[in-house]
Structure formats: C-alpha cells, structure tokens
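**Q** Dumping the structure here so I can ask a few things about it.
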Amino acid sequence: MTTLAIDIGGTKLAAALIGADGQIRDRRELPTPASQTPEALREALAALVSPLQAHAQQVAIASTGIIRDGSLLALNPHNLGGLLHFPLVKTLEQLTDLPTIAINDAQAAAWAEYQGLEGDITDMVFITVSTGVGGGVVSGGKLLTGPGGLAGHIGHTLADPHGPVCGCGRTGCVEAIASGRGIAAAAQGELAGADAKAIFKRVGQGDEQAQQLIHRSARVLARLIADIKATTDCQCVVVGGSVGLAEGYLALVETYLAQEPAAFHVDLLAAHYRHDAGLLGAALLAQGEKL
C-alpha cells in the first residue's frame, strides 16, 4: 500500500509517496502560507497533493501543533491565529477521497527513528531541537500520543523558574532557552539579531558569547534528558533538529549529561532520518498502527 504522507510545518509544507517498504519518492515542497487562514492552508494543501493523490491508497499527516480528534490545536491558541481547530483529517479526506490519519510531527518523527534503531529497544525518547523543542515517547514498543495529543511536548517542561516567558505562556520552559529561537533571543551586543545558525558559526570562530549561548542550551537539554530518564527509564534518547544535529552540539550535551548522577545517564544517538522523519513516521503509523 502506498501512503501519501504530508508534513505541515511553520515555514514549509512537504508531501511524498511512501511505499510499504518505507522508500520515499516524488517528494514535493511548498512554503507554508503566510496568511494563517483556513482558506489559504486548504488551497496550499490542494496544490501540494493533487499531483500525488492518484498514486496513493491512504493519507498520513504529520503536523506542528497538537492533533486532537483530527483537528489542529496549540499549547498557546494565539500561535495558530485563524488555524485553531483547523480540521486536518476532514480537509484531506475531502481533497483526496482517501482515508486519512493525523499526528504531531515530533511524535511521527519519534516513531520513524524508533523503527530505525538496532537491537532490542522497547523504550526510547526522541527530542528535536530546532526553532522549538519537541519530542515523542515510545514505551513498551508503542508510541504514546495521549488522549489529548499532548504526550511528548517535553520542550514545555520547566528549565528555569526565573527564565524567559515561552510562547506557550509558561515561564522558563526548556524551549524558551535551548531552542534555536531561545538561543537567538538571549544574544546581546554584536550577536543581537543573529539567528542560531549564525551563532553556531561564531562558535567555530571562537566567539565567547556564542560559546556561552550554545553551552547554556546544551546544559538545559542535558538536564531535560536526565529528567526524561528518571520519568521513563528509556533505553536511549535520539536527538534531531537543526540545533540538535549542529556540529559539536550533541557532544556538548553528552558532556553535561555525564555530570549528572549515573542513574540518570542514558545513551544519546543522533537522528537518522532528519527532515524526512515526520513524513516517514506518519506513513509507518498509517500502514501499521491504529492511532
């Protein structure tokens, strides 16, 4: 069975056909509409899937935000603008006339990365550190989504009660400090206004402030991982995302994790599927799992 997989992100929409063998073909991308209106998103999705839908038997969506009953929600509803409660599943079923499932993109990526692990692993956690910080939890060989779709939103756990206000509305979340957006927001002086990519580049040039910002992010992530180990007793943690996979970052996280008591240590692995993880994970879930 061929699945039409769709990945809905803050800046881009992606779609591809994925066979039962997990091979990705005919991958396409469009920019996410700047206008946060249901009409604009529906039109963009229609343009994205129309060349592909005739070759698929089902649709699987991986999307930013919380997916509940097939609709799009967010920790902070204001972040979605007019897309709050957008009916993802219903819309794609109408556009394609195919059975459709939808899941959070980090949860989908977690499932893809879990399927790619070697050895007898039943419990793992995936963390993506990019513009934000998200995640997914696999326990006993099953992906946890939760009755309300919130499971795995680990970027919104507490890192610093006196830290910056997060986009979700809480104060001091991991995401507000460790994410690419959090790194950039803390930059001052010469680095003010620089994004995380530029700050990483300055690390390689020996910039002291840039090094401090990246170390701060890695230290917060290591503490999060120790908390995750204590909560889930997972066998490994897979780290992805543009920040998580940046040169030298995972090694820094490992250094800070090693400073935690031994009971909270866990194997850290770099994500394998990178930007295709959401597409692949959603397709794998549609092909073999009931959400």
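Using N, Cα and C of the backbone, Cβ positions are placed for all residues, glycine too.
If you look up Swiss-Prot, you'll see 5-12, 132-139 marked as ATP binding site, on the strength of sequence analysis. Annotation source Swiss-Prot lists Zn(2+) binding site at His156, Cys166, Cys168, Cys173.
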**Q** Going by DSSP, is Gly134 (ATP binding site) sitting in a helix, a strand, or coil?
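**A** Reduced to three states, the DSSP call for Gly134 (ATP binding site) is strand.
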**Q** To the nearest whole angstrom, what is the C-alpha distance linking His156 (Zn(2+) binding site) and Asp7 (ATP binding site)?
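**A** Between the Cα atoms of His156 (Zn(2+) binding site) and Asp7 (ATP binding site), the distance comes to 22 Å.
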**Q** Hey, how far is Asp7 (ATP binding site) from Cys166 (Zn(2+) binding site), Cα to Cα, in Å?
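**A** Approximately 24 Å lies between the Cα of Asp7 (ATP binding site) and that of Cys166 (Zn(2+) binding site).
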**Q** Tally every other Cβ atom lying within 10 Å of the Cβ atom of Thr11 (ATP binding site).
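**A** Excluding its own Cβ, the number within 10 Å is 9.
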**Q** Compute the C-alpha separation of Ala5 (ATP binding site) from Cys173 (Zn(2+) binding site), stating it in Å without decimals.
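**A** Cα to Cα, Ala5 (ATP binding site) and Cys173 (Zn(2+) binding site) are separated by 31 Å.
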**Q** Per 10 Å Cβ neighbour count, which of the binding-site residues Gly9, Gly134, Gly136 ranks highest?
**A** Gly136
**Q** Excluding near sequence neighbours, so keeping only residues 6 or more apart in the same chain, what lies with its CB under 8 A of Cys168 (Zn(2+) binding site)?
**A** Leu75, Asn76, His156, Glu175
**Q** Should Thr11 (ATP binding site) be counted as helix, strand, or coil on the basis of DSSP?
**A** coil
**Q** Taking the recorded Zn(2+) site as His156, Cys166, Cys168, Cys173, identify the other residues of that chain whose CB atom sits within 8 Å of the mean position of the site's CB atoms, giving them in sequence order.
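**A** Residues close to the Zn(2+) site, other than His156, Cys166, Cys168, Cys173: Leu75, Gly155, Gly167, Gly169, Arg170, Val174, Glu175, Ala176.
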**Q** Sort Ala5 (ATP binding site) into helix, strand or coil using the DSSP assignment.
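**A** The three-state answer is strand.
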**Q** Check the DSSP secondary structure of Cys166 (Zn(2+) binding site), expressed as helix, strand or coil.
**A** coil
**Q** Please name which of the binding-site residues listed here, Gly9, Gly134, Gly136, is nearest in space to Cys173 (Zn(2+) binding site), Cα against Cα.
**A** Gly134
